[in-house]
Amino acid sequence: MKIAVLGAGSWGTAIAIHLNKLNHQVRLWMRSKEQFEELIATRHNSRYLDVDLPSSILLYNDLDKAVEDSEVVVIAVPSHAVREVSEKLKGKISKNAIVVNLAKGIETSSLKRMSEVIKEYLLNPVVVLSGPSHAEEVVRQIPTACVLASEDVKACEFIQEAFMNETFRLYVNTDVIGVELGGALKNIIALGAGISDGLGFGDNTKAALMTRGLAEITRLGVAMGSDPLTFLGLAGVGDLIVTCTSNYSRNRRAGILIGKGKSLKEALKEIGMVVEGVNTTKSAYRLSQIYGVEMPITKEIYSIIFENKNPFEAVYNLMTRDKKHELHGI
């Protein structure tokens, strides 16, 4: 099967190598000419994952050639680039091609989910792939389970068949809203978990952040039309656990630096790669106001990273809020 993977960052590189092992004809496209020339010369991705690319993976800097005759097009660029790439794909891919989106985020300007942005330009079936899936582990064939979501069940099942093997298991879900929100919003809570670690707090604090974070993710999700049970699955609890606890998590690592006193700008510079939770915090904060949903953790993280609020003060505010029933608003 001809599969185009758009984006040669960590996720794009990992999924390209995975699909190549399944004997698909993989075309890996990257926007950066510098990165393209380096990979052509060395077949080694030094910036992302530090891995070698098999010679059977075809490399492209020309988007039109990369997607030509592709049966599946995988969008593996950061969320802020999804609109640009989707617009460039318009009229360039087969009407029968299935688009698989890996980006986890909410567009800051429009507050749209990634599949909504893609559908502005493409009439193709769009399948969302989400769940606890650090690229560093996927590329090493460490057992991983994720979820596929689409309104088109047949498209989901087609991708399930094409992408799945003994180390990469995929489930099908029709709740696109819930799967996308779970994948995006957990990055905010991971920032908070990192801030907690940076402040020197313990496991109790992180467990509370994760659990109450899941509660506010669920509240917003339900208000936006998703099934609350989705957040108990791989795109919800699963992704939340791995992103809040792993050293691979850029969001957690950025949070740790902020908790230790660095500014957002300093933290992002030190990470050196996209930290999706930063823009998602802006989007979620606005969505909570639009939908009238209580998201106290998101609100405090917003105040810390965008308004320079003292993290200790933010924790105090969370701990001294009005008394609540645990399932309030769910």
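Heads up, the Cβ atoms here are built off N, Cα and C, so glycines get one too.
Under a cutoff of 8 A between CB atoms, and with a sequence separation of 6+ in the same chain, the neighbours of Arg31 (NADPH binding site) are Gly7, Asn61, Val77, Ala81. The NADPH binding site feature in Swiss-Prot is assigned to Ser10, Trp11, Arg31, Lys104, Ala135, Arg250, Val274, Glu276; the stated evidence is sequence analysis.
Spatially close to Asn251 (sn-glycerol 3-phosphate binding site) yet at least six residues away along the chain are Asn187, Ile188, Ala190, Leu191, Gly194, Thr243, Val275, Glu276, Gly277, judged by Cβ distances under 8 angstroms. Taken from Swiss-Prot, the feature sn-glycerol 3-phosphate binding site covers Lys104, Gly131, Ser133, Lys186, Asp239, Ser249, Arg250, Asn251.
Under the heading active site, proton acceptor, Swiss-Prot lists Lys186. Using a 10 Å Cβ-Cβ cutoff, Lys186 (sn-glycerol 3-phosphate binding site) registers 34 neighbours.
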Please determine which of the binding-site residues listed here (Ala135, Val274) has the lowest count of neighbouring CB atoms within 10 Å. Val274
Check: min Cα-Cα distance from Gly131 (sn-glycerol 3-phosphate binding site) over binding-site residues Ser10, Lys104, Arg250, Val274 goes to Lys104
Just to verify a number: CA distance, Val274 (NADPH binding site) to Ser249 (sn-glycerol 3-phosphate binding site), in angstrom, no decimals. 11
In three-state DSSP terms, the structure that Ser10 (NADPH binding site) belongs to: helix
Quick one: pull the CA-CA distance for Ser133 (sn-glycerol 3-phosphate binding site) versus Trp11 (NADPH binding site), whole Å only. 9
